[in-house]
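Input: a single structure, listed below in structure tokens.
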Amino acid sequence: MRIVVKLGTSTLTHESGRINIRRIEALCKILSDIKNAGHELVLVSSGAIGLGVGKLNLKEKPEDMPTKQAAAAIGQCELMYLYDKKFLEYNHIVAQILLTGADFENETSSSNIKNTINRLLELNVMPVINENDSIVTDEISVGDNDTLAAIVAKQADADLLIVLSDIDGLYTANPREDPDADIIDVVFSITPEIYELAGTKGTKLGTGGMVTKIKAAEIAMEAGIDMIIANGKHPENLYRILDGEKVGTKFRGKK
Ligand code: GLU
């Protein structure tokens with residue numbers, strides 16, 4: 001299978017923005033094993049701004065564009081250093097691709113993105129993709145990595161998109177407020193009710209929330225790709241998904 005895995009900032013860092021070493025080590029080990037089992041993997045990884053905030057010891061995510069862009073430049077470097085080091089332990093090579101929304105609108109760059117991803121996968125290399133936060137402004141950005149991951153999954157003709165987040169999946173009500181909230185196993189189509197369930201809140205260091213994940217699901221489903229939202233706190237969820245267990249919420253792609 002060709003699988004796109006999206007890792008959110010809250011999965012990769014502590015609230016301070018410092019790296020969650022235990023989590024990253026577990027994720028890299030399991031992702032390497034999944035590659036060893038013969039699957040093709042593309043990572044869409046957030047965490048650049050979060051890691052930059054941590055490295056600079058800033059108290060919170062900056063509001064102003066220049067500091068945000070500086071934090072992204074610093075954090076992206078650390079992020080790739082970590083992936084390079086960790087995946088190399090298991091003999092896997094990573095490659096960085098930084099994109100903006102404008103790149104997908106331009107026919108030439110869009111087909112170059114596709115060709116590069118395909119070639120890297122043929123070479124048994126794992127592309128690690130993020131938005132090029134250091135140069136984007138609102139007008140040309142994708143804006144959040146959930147959407148970016150769905151666009152990448154579509155471009156790469158993926159069979160599955162797994163979004164690892166700090167929540168178990170989509171609930172029938174806000175699980176942080178309602179103890180009776182139940183997880184929804186499968187979503188067959190995105191309706192206004194589904195958007196209503198998504199609420200609005202994201203995390204402190206990341207960008208998305210459930211709404212951006214639903215938007216991503218819409219793009220993936222339309223392209224015929226299944227998308228699963230699962231909790232990144234438990235990296236072994238990745239094994240469980242591939243073993244066919246019911247994990248998180250599955251958005252069934254149009255077949
Ligand atoms: N591109 C951002 C980063 O790496 C994350 C965007 C998001 O959280 O969706 O920090």
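In case you wondered, yes, glycine gets a Cβ from its N, Cα and C as well.
Any TrEMBL annotation is an automated prediction that lacks curation.
Over in TrEMBL, the protein carries these features:
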type    : residues                                                 : note
DOMAIN  : 1-231                                                    : domain 'Aspartate/glutamate/uridylate kinase'
BINDING : K6, S165, D166, T207, G208, G209, M210, V211, T212, K213 : ATP binding site
BINDING : S46, D133, N145                                          : substrate binding site
Cβ under 6 Å from ligand 1: which of the binding-site residues K6, D133, T212 qualify?
D133
In whole Å, how far does the CA atom of D133 (substrate binding site) lie from that of K6 (ATP binding site)?
16
Among the binding-site residues K6, D166, M210, T212, whose Cα is within 10 A of the Cα of N145 (substrate binding site)?
K6, T212
C-alpha of D166 (ATP binding site) to C-alpha of S46 (substrate binding site): distance in Å?
13
M210 (ATP binding site) to S46 (substrate binding site): how many Å between their Cα atoms?
15
Between K6 (ATP binding site) and S46 (substrate binding site), find the distance joining the two CA atoms and give it rounded to the nearest Å.
8
Rounded mean pLDDT for the residues that make up the domain 'Aspartate/glutamate/uridylate kinase' (1-231):
93
